[in-house]
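To start, the structure itself, in structure tokens.
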Amino acid sequence: MHTKTIAQLIEGLRSKEFSSVELTRHYLQRIKERDGTYNSYITVTEEAALAQAEAADQRLAAGDDNPLCGIPIAHKDIFCTTGIRTSCGSKMLDNFIAPYDATIVENYQKAGAVMLGKTNMDEFAMGSSNETSYYGPVKNPWNTNCVPGGSSGGSAAAVAALLAPAATASDTGGSIRQPAALCNLTGLKPTYGRVSRWGMIAFASSLDQAGTLTRTAEDSAIMLNAMASFDAKDSTCVDEPLEDYTAKLGDSLQGLTIGIPEEYFGEGLNPQTAERVQAAIKVYESLGATTKSISLPHTHLAVPAYYVIAPAECSANLSRFDGVRYGHRCDDPKDLADLYKRSRGEGFGDEVKRRILVGTYALSAGYYDAYYNKAQQVRRLIKQDFVDAFNQVDVVLGPTSPSPAFEFGAKSDDPVAMYLEDIYTIATNLAGLPGLSIPCGMVDNKPVGLQLIGNYFAESKLLNVAHQFQLATDFHQQLAPETA
Amino acid sequence: MEWETVIGLEIHVQLSTQSKIFSGASTAFGAAPNSQACAIDLAMPGTLPVANEQAFRFAVMFGLAMNAEIGKRSVFERKNYFYPDLPKGYQTTQLEEPIVGPGVIDIELENGETKSIRLHHAHLEEDAGKSLHEDYQGMSGIDLNRAGTPLIEIVSEPDMRSAEEAVAYLKKIHSIITYLGISDGEMSQGSMRCDANVSVRLKGEEEYGTRCEIKNINSFKFVEKAINVEVERQIDLIEDGGKVVQETRLYDADKNETRSMRSKEVANDYRYFPCPDLLPVILDDDYIAEIKSKLPELPDAKRDRFVSDYGLSSYDATVLTAERATADYFESVAKTSGEPKLAANWVMVDLAAYLNKSEQKLADCPVSAKHLAQLIARIKDGTISGKIAKQVFEAMTNGEGDPDSIIEKRGLKQVSDTGAIEKMVDEVIANNQAQVDNYKNADEKKRPKMLGFFVGQIMKASKGQANPQAVNEILLKKLNEQ
């Protein structure tokens, strides 16, 4: 059962090949037996999952036609779940149980999906290797000496190790797409505002976007159908008409123009990774698409701008974790200052502290114009680069990350090297565009990701461009060793 | 040396929206601690703010009433600082692009002159919660009911030159917000709070002196006292060769002094930046025009109308229109009784004295406008005299009912029956023969004065109910017959 895609599982449930309870039990059993190796889950919600599966079976028996009814999924531990701990990968929230569900959690519940548990992640989604989690690092199912990418490393490892057919995730600078690339998955970050942020613990509010990690583009489309909604509880949510994201999956790529940004193939890109991406371009050409070299001239400014804006926003977003109302509180505070200093000092890990410090500095009197304002100006230029590009092309194509999965510890002492992991993905968040990563081959038995970037709210087209590639190739069908 | 005082005020006004500025929790005053704080107010992780449209509506109403520019694009920013009653660790407020821009209003001074005070801007923001330091054995309690209550902060230019002007301005703002119905303006409940920026300079000097900010003054009286005592402090300091240090000070009403709250060294860096959870709010012209068309009559317009429609003096009209409740009350009495001048007198003198003495608000007053109008009608139609009316009014304040039933029950109806009055006059003449003789023998010119004695006796005998005019006529006739 576990090798099936969601599309296949839906068939299985409808044809009564297996029930949701059987399917759910099977995944729970696999998690129990295998997740000791990967550490992809922080919390497994066995009882609740089985109860939801039973309810789903009843709905199915009653003729429920919601595709996700009875399908087990995992949620990144950044999404609040009523009555179940939401840790955000941090000691700060090790004891935090929200009295509300994230809108996307609610959406999946309504669709009848079954929650298997909450997946591991970099602390407060800050990291590209899943090494900053309070709950320990997650291992890459393709090579357990390597990182799965981050920050949605737990979600990626769970899906790649076939411990969940799909998982929710979040992407602030590449946190869905980079782990998708490193774990041979399809990772979709929708347009900013397409999916509600309510109940998703904020890292950088203007960049955070929830999305999915699946094994195929078709599964992404099915997952997005349930996830996307307009939500009045999130002021930044956009009231765009919803569509059936599977509807365009059969469209031909004839006449499609793909833009290849020259800046995405420069120094820093692993030559073998570049070869796989070039080979993918050939596949697209064979499918009838036209490719066109384009320029995104401000690409080199994306990482520096991001590492001002994201920390600035996070420095304020994380101020609420003060030990006063919930979360970690130090023992026997002497006074107010002591309560703040020790609660935050003990509750946050190094990377979180580093970003809070950077953000606080960037917003300080006398530095605001030089950093925050300048970064916002750069952000507008980057956005304009894409607006110009989409006047000429339908999608933009490039590598997802500069190189395949690296070993634990390889970059953890060098924050800047770690930050460069997201060099190709960050601009998409700064511009608010939808981005997607799909498998496009292997380098040293490690997966390589191909990134596709679409225009605003062009998820349908983007998913079809990915789907057509997956119809023509079998990279995405390859499974991590010892998972079948 | 002649000194000049320079004052600017920052006034925080709680808007009387049903729910908070960024959440659906109630804003009602006086609920059990933390019973009106939802997940958003508690800054639970993953929660997000959604701006309350009513708060914008109220702010626009205020801006229009202040003849101010309306910010068609306004932006919320985060003001970052840690405090236990500030759940998010930042206050969501406006800085660069506020909802209300520059404006100007006139204030009336006691000498009858008017003066224009410029508004720098007014912005929307959320209130913090309350830290409670008593009753927790060395610990502090936090009540977040108030956290997220919408405020407008109204910032004036430093245009006031005395404590009296500052109070007149504050009262004007109070009058405008209560007329608009956008706040209850209760200073005692913290619905309106005032910070005063005070400095002094030598008269004729162009540069402003170094200012001090007196925080959180919560009554009109204290604003006046705090400013006066601060001005005195600054002048004494300078005249003794010292220098004013820019700082925040607190007014201690018990000691009638201001004292330093924070030293200048620890100036906070609030690290303002636009709130990424809230998009800029864009208001179009139609929206503003719609609000403008529904604005109620404002104090100045009402005052002018009272002068022209009711023939009141400008002074009376100003007093009566200072508060909307008073103005509405007066107008109801004036219209129902058809006697605007008498109505103005009763409201400004008797009613005001009663409310003042009993420390009551007009809203809680047992004398309704309808009943006061009835009372005035009874004076006018001769049922009672003006003097008896005061007794009836007192009974009304004691909750004894409407004037007609009080007059009836207490038998206060004026006696105009000639027969009854003649009888009383005869008795008084018979019992005071000596005074009658004096009267008869007195010079014609002195007689009217001497008449007072007899009138007094008759009124006493009638318990004040005899119609004074009838008494005078009959008395004169009878005395002349003697």
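Even glycines carry a Cβ here, placed using N, Cα and C.
TrEMBL entries are annotated by machine, without manual review.
The annotation active site, charge relay system is assigned in TrEMBL to A:K76, A:S151. According to TrEMBL, the active site, acyl-ester intermediate annotation covers A:S175. Residues annotated as domain 'Amidase' in TrEMBL: A:22-463.
Locations of recorded TrEMBL features on the structure.
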residue	record	Cβ within 10 Å
A:K76	active site, charge relay system	35
A:S151	active site, charge relay system	36
A:S175	active site, acyl-ester intermediate	37
Cα-Cα distance linking A:S151 (active site, charge relay system) and the residue listed as 'active site, acyl-ester intermediate', given in Å to the nearest integer:
5
Rounded to a whole number, how many Å is the Cα of A:S151 (active site, charge relay system) away from the Cα of A:K76 (active site, charge relay system)?
10
Taken over the domain 'Amidase' (A:22-463), the model's mean pLDDT:
97
Three-state secondary structure, which DSSP defines for A:K76 (active site, charge relay system):
strand
